[in-house]
Structures are given as C-alpha cells and as structure tokens.
C-alpha cells in the first residue's frame, strides 16, 4: 500500500477514499479490515465493467428485448415461402444488430455525456438543495407542530367531546308507512 492506493486479492488497484486516508481507526488494507471485521470500502470509479452481462440488474428485459418472433409471425395456414421466411429473419436480425451498433457508435458517447451531466446535476441538487431544504423544513415545522398539538388538546378535544356528549343521546327511529 503506497500513495493512497492498495491492491485487492484479485490484483485490482483501488484508491483509498479521502475520508479513510487520515483515520487511524479505519483500516486501509484488506488484512487489517478482515482482522477487525470491517467492510472494505472501494472507490466506485475504479470498478470493472462486465462486457458479457451488460444488464446485470435486468432493466431492459421486458422493454427492448425484441426478437424476430416477437414482431413478425405467420399463423398456421398463412405461410410464405421458406426461403423468404429465412431471408426475412436474417434481414431483420442483422439490420437490427448493425443499425443498433451504428447508432450506439454515433450517439452512445454523446448520450452518455448528456445523461452523466443530467444525473450529476440531479445528484448535486438532491444533495445540496433538496435534502437541506427538507431537513430545514422539518426543524421549522417541529415548533409549529408542538403549538398545533397544544391547540388541539386544549381547544378542539374538549369542544368535540362536548359536541359528542350533546349528540350521544339523539336517537333516530325509522318507520316504514304502508
């Protein structure tokens, strides 16, 4: 371990988070973390990308997983020539495959840049604006809630209890006239 970096058991190089670097109570190496039964924190920017399973959380299983059979189907008794069916299958599959690759090559990096900026702004606003506003509101509303609670218990509770006692002796009887 040198210069704020360490290597895990698989040989991956990780940076030590800034918060962890100066804290003597938190271990910076795996052996010490295991010894103290603490979870090792990894830097999110150095994790590996799985090039085989590109949708590990199954976000697009039901949306864009469209095959030839999902789009084009010939019912029994209405079949085209076998050669046409095979050529249609090949044309559809190859066109979809290469056109997707072309679109992702042209627009993938710009779209990743746009979405990265968007989610960075969204995260920034959530961390630095939304959560502090909500916390501030909860602190301010706490004093109002105490006053409101006192008002309910001293004014509304006795009032509605008295109204309830007044109407508790009211009896309604329904008779059907023939």
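A Cβ is built for glycine as well, from the same backbone N, Cα and C atoms used for every other residue.
From a predicted model like this one, the values you see are computed outputs, not experimental measurements.
Taken from Swiss-Prot as is:
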- 2-94: region 'Required for homooligomerization' (REGION)
- 2: N-acetylserine (MOD_RES)
- 2-104: topological domain 'Cytoplasmic' (TOPO_DOM)
- 2: phosphoserine (MOD_RES)
- 5: ubiquitin cross-link (CROSSLNK)
- 5: N6-acetyllysine (MOD_RES)
- 6: phosphotyrosine (MOD_RES)
- 9: phosphoserine (MOD_RES)
- 14: phosphotyrosine (MOD_RES)
- 25: phosphotyrosine (MOD_RES)
- 26: ubiquitin cross-link (CROSSLNK)
- 30: ubiquitin cross-link (CROSSLNK)
- 37: phosphoserine (MOD_RES)
- 39: ubiquitin cross-link (CROSSLNK)
- 47: ubiquitin cross-link (CROSSLNK)
- 57: ubiquitin cross-link (CROSSLNK)
- 82-94: region 'Interaction with CAVIN3' (REGION)
- 105-125: intramembrane segment (INTRAMEM)
- 126-178: topological domain 'Cytoplasmic' (TOPO_DOM)
- 131-142: region 'Interacts with SPRY1, SPRY2, SPRY3 and SPRY4' (REGION)
- 133: S-palmitoyl cysteine (LIPID)
- 143: S-palmitoyl cysteine (LIPID)
- 149-160: region 'Interacts with SPRY1, SPRY2, and SPRY4' (REGION)
- 156: S-palmitoyl cysteine (LIPID)
- 167-178: region 'Interacts with SPRY1, SPRY2, SPRY3 and SPRY4' (REGION)
Query = Are there residues of the same chain, six or more positions away from residue 133 (S-palmitoyl cysteine), whose CB falls under 8 angstroms from its CB, and which are they?
reply = none
Message = I want to verify one value. Collapsing DSSP to three states, which class is residue 47 (ubiquitin cross-link)?
response = coil
Key: residue 156 (S-palmitoyl cysteine) and residue 57 (ubiquitin cross-link), Cα-Cα, nearest whole angstrom   = 52
Residue 47 (ubiquitin cross-link) to residue 156 (S-palmitoyl cysteine) - Cα separation in whole Å = 59
Message = Using DSSP, what is the helix/strand/coil residue split across the region 'Interaction with CAVIN3' (82-94)?
response = 13 helix, 0 strand, 0 coil
Query = C-alpha of residue 156 (S-palmitoyl cysteine) to C-alpha of residue 143 (S-palmitoyl cysteine): distance in Å?
reply = 19
Message = Are there any residues at least 6 positions away along the chain from residue 143 (S-palmitoyl cysteine) with a Cβ closer than 8 Å to its Cβ? List them or say none.
response = none
Cβ-Cβ neighbours of residue 57 (ubiquitin cross-link) (radius 10 Å) = 6
Request  = Specify the secondary structure state of residue 156 (S-palmitoyl cysteine) as given by DSSP, simplified to three classes.
outcome  = helix
Message = For residue 57 (ubiquitin cross-link), which of the three DSSP-derived states applies: helix, strand, or coil?
response = coil
Inquiry  = Per DSSP, what is the helix/strand/coil residue tally across the region 'Interacts with SPRY1, SPRY2, SPRY3 and SPRY4' (167-178)?
reply    = 1 helix, 0 strand, 11 coil
Request  = Provide the three-state secondary structure of residue 143 (S-palmitoyl cysteine) computed with DSSP.
outcome  = helix
